[in-house]
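Q: Sharing a structure with you now.
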Amino acid sequence: MNALERHRRLRAIWASEPGMRGWLSTVNHNDLGRMFLLTAFVFFGIGGLLAMLIRAQLATPHSAFAGPQIYNQIFTMHGTIMMFLFAIPCFEGLAIYLLPKILGTRDLAFPRLTAYGYWCYVFGGVMLLVAMLLGIAPDAGWFIYPPLSGAIHSPGINTDFWLIGITFVEISAIAAAVEITVSVLKYRAPGMALDKMPIFAWYALITALMILTGFPPLILGSVLLELERAFGLPFFQAELGGDSLLWQHLFWLFGHPEVYIIFLPAAGVISTVLPVMCRTTLLGYGWIVAAAVGLAFLSFGLWVHHMFTTGIPHMGLAFFSAASTLVAVPTAVQIFAWIGTMWKGRPELHLPMLHILGFFCTFVIGGLTGVMVAVVPFDWQAHDTAFITAHLHYVLFGGFVFPILAGVYYWLPHVTGQRRVFRLGEVAFALVFLGFHVTFLAMHWVGLMGQRRRIPTYAPEDGWTAINLISSVGSFVLAIGLAMILIDVVLHVLIAARGKRNPWRAGTLEWAMMTPPPAYTFASLPQVDSRTPLADDPHLAVRLARGEGYLATPREGARETLCVDIASGRPDMHVVYPANTRLPVTMSALTGVFFLSLLVKFYWTVPLALAGVAILACKWVWGNGRREDPEPVQVREGITLANAATARRSPGWWGTLFLLSADATFFGALLFGFAFLWTVAPGWPPPEWFAGAMVMAGIGGFGALIGPAAMRQAIRANRRGDTALPGIGLALVGALAVAAACAAVMVQTPAPMGHAYGATLLVLGGYGLFHAGLGALMAGFLAARVLRGFTSRVRQAEFSIVSLWIDYLSVIGLLVLLAAYLPGLLS
Amino acid sequence: MLAGGALIFALVMVLLLLSFTRRAPAGGEARQLRVWVIGLGLVFPLAVLGALLAYGLVIGERLLAREEPEVIRVSAEARRWTWRFTYEDAPGRRTEGVLHIPAGRPVDVAITTADVIHSFWVPRLAGKLDAIPGHVNTLRIEADRPGTYRGLSAEFSGAGYGGFTFLVSAHDAAGWAAFVEDTER
């Protein structure tokens, strides 16, 4: 088979459907990565327009441009869109597009999940846009502190749009994070050990793990606040045993890691692009990985620095101030390693390099002002002034937008296969750089003069007129610069000037293919022995196209790739991906019906939508299996691999593990909330403790303990060749027992609308009930699979996945029962 | 802090510029690692931050409200969009929008709220402290000389937030005595 014939056959296997149908049914990372990025940049444009409106409003004193009602919506939506609908999805899109290529494989771990996440993002984002067009957008600031955002002070639907829309969008963040984690760990080119991984993959992995632990507290907070708004469960009302500070803790427990979730991918882009621009390799690869890991850990320990003015005890202030300054150390390690890389090589001033220089200049200033506000006495003055607004824009624009623009110009030739013709980008960079610094340097200044953030207007006597005008003029220069970049990119796409393959002479694998990249990426998968395989072998692309790699022979119309051992990169499984399907878009539409029903309080469609999602989820998983044992596949001369369905730790098992780690963080945040209310909130202890029937606790405890044992018995029986049905049946009974006990907690909890204690128990019980229902559904599903012959002694992957869920159910079931029964027993 | 920040920024910019002019890398990779990563990346920020942190903690300690016999106690309750002040020395006296204090004496302001979160901030007298439902936060302020000081509510609180300000009127000893007297009459 020659290269052209291989290309034709692979293309037939991997191609998306033509036209609009292809958009809806594609599950390929090439398509979805580009769709993600395009959508994210559309939202960037919308957020930018809102920023222009803000600057127009503040340009002159006593501005009559927008009244406070509209102005509050504008700045709330600006922050919300930039954080949730631009920055995070932009990272997701970049990672989805790039990771399989840079790791030397053909797609991400769970292609349909990629599509599901994308559509959740689009539908959730559109919900927020609709709210904005109707003039009922969220208006309580992007961190919507209760009680301002509670039902009493914000009775309209505005805040519900935020809570429900953002939670919907977060599904895509969690989905992408699971996807990225498993892909980086398991889906790499043979031979790519962890220490030979391109640095971008390390950053993506760390960011994804941070999303899995950072986002659940926000999702929990949103759920609790929406429950309070819709059903009067008083989690944040001080007079009923709640505490508005709980929201601030949950929000910033997410919100601070979020800053690094945004910065780390950008740092990954710099670590990838900068050495190529300097014709050298990265200085201190191991140090940079260690610094990024350190940053990730530290970032979870300093959320309180957003709350220095809330009356935190003095020792707490000292601790969080120290942690906040300490976080500058791993950042400094990265910055100086990059500058050292520039000294090591010979920097060339291409357009991506200009944006990296823009990053250095801007981000270092943002970091230094960040250290300033980490010093508590200074923060007491600067907090909630324009100084903070300026600081965070230096960090986020400097630490994210400049690197991403560098990345856009660096990888654009890869996406289009073309080259730039006009030199518009250089002028645009100059305008963006100049405009940005004029806008936000001025904002620092006016902040120190006492201008609060979020005020709709000010008086001439305040003496801020000239500075604000300068700032506004700067912002319009910035906007013109960004518009020119847009024009430059559009011209690049439209003008078909054929580019060279690997125009930057990079050493990473994404350039070892034709551009624009084919849907299957590599005609055959490379063997990797260094961090820069393409630099070692400049003809790698041609050799791979000729089939001198793994999986060179397309088989049975299947989309194939292989998995590797996590540490060593030794190939260990053969994987067949699902093909084009509209299941993801349908399922996310149904998920949207669920959220929309909650939003408009149309509760009778909620269970219908949930049932629909459950049915589609079963269909989703059902379609994966086969009824005969798969033959081992020869992936290369002398190397034969077993199919993933025969593995105890299949990709699905890994995905479940990381999804459960996010779930566990959610549960942990819920327990934290319980403990926090108990110890800090006024109005405790509650008037009445939970006093449920002990027999229900016994039933639940029994179910929680029997489940894992039963599943293990089922696995052993299956491996022996006996029937696994009795074990699965017992696990099902166990899950139902936990469900009954949790339902009893929900029913018997004292006055959930009268005190936050009862409300918290209601949510704990609901959490347990949901997982027990999920466990029962899975056990039932597995039993059906066994009955229909989809499992065998060899095909055992599904057993270990269900077992993992049952184990998790067991742990949280016991904890829920303990949290419910113990306080009542002790008092 | 500003000067230190400017110096560090200048250092980074100079190092960036020099990378374009230098040609021969100095020493092997191990030596470069020592200079860049360990020297500039680890030791340098640790030293600077350690000093800064110690300074911040000392200053913070000095700002703490301590028990003193001379302390005047007042209460500030925020609601959308006005502040109400009451006085321990003048029971029953309530002022709205203007806080009266004696100059030259430490004043403890007990800050609470009747509705949403607000923040009590008189930039020339002290940093800001939030008014949080269900909690009482105490801020120590002191005006060196008599006069009127502008105060702001510095936590976003909805539609009337822009104009949500107040005044602090610091009296000399006679003026304060008159203010306290006024209520007892």
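Positions of Cβ are set from backbone N, Cα and C atoms, glycine also.
As annotated in TrEMBL:
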type	residues	note
DOMAIN	A:8-529	domain 'Cytochrome oxidase subunit I profile'
TRANSMEM	A:120-145	transmembrane segment
TRANSMEM	A:161-187	transmembrane segment
TRANSMEM	A:199-225	transmembrane segment
TRANSMEM	A:259-278	transmembrane segment
TRANSMEM	A:285-305	transmembrane segment
TRANSMEM	A:317-339	transmembrane segment
TRANSMEM	A:351-378	transmembrane segment
TRANSMEM	A:390-412	transmembrane segment
TRANSMEM	A:466-495	transmembrane segment
DOMAIN	A:569-825	domain 'Heme-copper oxidase subunit III family profile'
TRANSMEM	A:575-596	transmembrane segment
TRANSMEM	A:689-711	transmembrane segment
TRANSMEM	A:723-747	transmembrane segment
Q: Can you tell me which parts of the same chain pack against the transmembrane segment (A:285-305), counting only residues 6+ beyond its ends and a CB-CB cutoff under 8 A?
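A: Contacts of the transmembrane segment (A:285-305) (Cβ under 8 Å, skipping residues fewer than 6 from its ends): 195, 199, 202-203, 206, 209-210, 213-214, 249, 252-253, 255-257, 259-260, 264, 267, 271, 312, 316-317, 320-321, 323-324, 326-327, 329-331, 333-334, 337, 373-374, 379, 531.
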Q: Could you give the mean pLDDT over the domain 'Heme-copper oxidase subunit III family profile' (A:569-825), rounded to a whole number?
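A: For the domain 'Heme-copper oxidase subunit III family profile' (A:569-825), the model's average pLDDT rounds to 95.
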Q: Which sequence positions outside the transmembrane segment (A:317-339), separated from its termini by at least 6 residues, show Cβ-Cβ distances below 8 Å to it?
A: 267, 270-271, 274, 282-284, 287-288, 290-292, 294-295, 298-299, 301-302, 304-305, 308, 360, 363-364, 367, 370-371, 374-376
Q: For the transmembrane segment (A:575-596), which recorded stretch in the set A:161-187, A:466-495, A:723-747 gives the largest number of Cβ pairs separated by under 8 Å?
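A: So the stretch in question is A:161-187.
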Q: As a test: from A:161-187, A:466-495, A:723-747, pick the stretch that has the greatest number of Cβ pairs under 8 Å with the transmembrane segment (A:390-412).
A: A:466-495
Q: Do any residues, 6 or more residues outside the transmembrane segment (A:466-495), come within under 8 Å Cβ-to-Cβ of it, and if so which ones?
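A: Hits for the transmembrane segment (A:466-495): 45, 48, 51-52, 55-56, 58-61, 405, 408, 412, 416, 418-422, 424-425, 427-440, 442-443, 445-446, 449, 451, 458.
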